[in-house]
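Novice: Below are the structure tokens for one structure; questions will follow.
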């Protein structure tokens, strides 16, 4: 009889940390959690701090906090002043010099929230990658979540990087986002941009597909239980599918003449439409950062200028855009001291 005596191989600190991070718990941490949880906490905490008591008087000449009388729809963490350029406005940097009050006044919370928010979103996408790998499924959830990340990064970071300063990014607030949308329309004619059109088609098309898919599945559910409603009538461990793909295929074949032939193609299409739309809108925003123009119908503008009786919806929208610029520039950028003489203000052909 032979007895072998040996030592268990020693485990390094990396293996110990890896086991602890991936331990089965109520809220999974994982390696992605090292990025996600601190960044999400700091971004949300910075936004709540700014909207509670930090003013935008020094950066925009506005009241933007609950302390100043704003409400949930009008509070915001505002962008720094135009004069700050693209400075990260670190608390210990040359602008604030470690003074927390001065840091708030200069708009230092905005880059703080924007950068931690971006890394928090990336951490959440990596979390979906990590958990998908651990449970043995494909990582398409993470791929889908890349679309809103692309929109966030393009709007809040890449667009102002293409402009003169962070000042031209959207502030973090509901009414502030609306102001930014008006800005994009007035200065970039964004609604006529083909990338915006693809984004709208993707988002609304995705919503339509989601509604149609949910209704079709509900219509073709098998009645395999005696529960009082849909949510009690099915056993979550049943081996067979809960709805009839064949019946759904026959229904839509009669409605449109065509239908999805299998579930894989159907669900890939539901993934493809909104994700592609959001990615295209993000590409369009990068184009706006570079001040690229799209769909300027100059021939119509020239004819409208020469012929008082000629006007199209396009030329009318161009006049509206000029009105937005003439109104918004002095209001939104008072530091530039813009003065527009009466004769340059836009007027429709009917006036």
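Residue positions begin at 1 at the first shown residue.
Yeah, the Cβs are placed from backbone N, Cα and C, and that goes for glycine too.
In case it helps, Swiss-Prot gives these features for our protein:
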{"type": "TRANSMEM", "residues": "39-59", "note": "transmembrane segment"}
{"type": "BINDING", "residues": "116", "note": "chlorophyll a ChlzD2 binding site"}
{"type": "TRANSMEM", "residues": "123-139", "note": "transmembrane segment"}
{"type": "BINDING", "residues": "128, 141", "note": "pheophytin a binding site"}
{"type": "TRANSMEM", "residues": "151-164", "note": "transmembrane segment"}
{"type": "BINDING", "residues": "196", "note": "chlorophyll a PD2 binding site"}
{"type": "TRANSMEM", "residues": "206-226", "note": "transmembrane segment"}
{"type": "BINDING", "residues": "213, 260", "note": "plastoquinone binding site"}
{"type": "BINDING", "residues": "213, 267", "note": "Fe cation binding site"}
{"type": "TRANSMEM", "residues": "277-293", "note": "transmembrane segment"}
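Would you situate these features in the structure and describe their surroundings?
Specialist: Residues 65-68, 70, 75-81, 104-107, 109-110, 112-113, 116-117, 119-120, 123-124, 167, 171-173 of the same chain lie 6+ residues outside the transmembrane segment (39-59) yet bring a C-beta within less than 8 angstroms of a C-beta in it.
The number of other Cβ atoms within 10 Å of the Cβ belonging to residue 116 (chlorophyll a ChlzD2 binding site), over all protein chains shown, comes to 20.
Non-local contacts of residue 128 (pheophytin a binding site) by the CB criterion (under 8 A, 6+ apart in sequence, same chain) comprise 139, 141, 142, 145.
Within the chain carrying the transmembrane segment (151-164), a Cβ under 8 angstroms from the stretch's Cβ atoms is held by residues 79, 82, 85-86, 114, 117-118, 121, 170, 278, 281-283, 285-286, 288-291, all 6 or more beyond its ends.
DSSP assigns residue 196 (chlorophyll a PD2 binding site) to a helical segment in the three-state reduction. Using a 10 Å Cβ-Cβ cutoff, residue 196 (chlorophyll a PD2 binding site) registers 22 neighbours.
Non-local contacts of residue 260 (plastoquinone binding site) by the CB criterion (under 8 A, 6+ apart in sequence, same chain) comprise 249, 252, 266, 269.
Secondary structure at residue 267 (Fe cation binding site), taken from DSSP and collapsed to helix, strand or coil, is helix. Other Cβ atoms within 10 Å of the Cβ of residue 267 (Fe cation binding site) number 14 in total over all chains.
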Novice: Hey, what's the Cβ neighbour count for residue 141 (pheophytin a binding site) at 10 Å?
Specialist: 15
Novice: Which ones in the same chain are close to residue 213 (plastoquinone binding site), with CB under 8 Å and 6+ residues apart in sequence?
Specialist: 266, 270
Novice: Using C-alpha atoms only, work out the spacing between residue 267 (Fe cation binding site) and residue 196 (chlorophyll a PD2 binding site) and round it to an integer in Å.
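Specialist: On Cα coordinates alone, these residues lie 24 Å apart.
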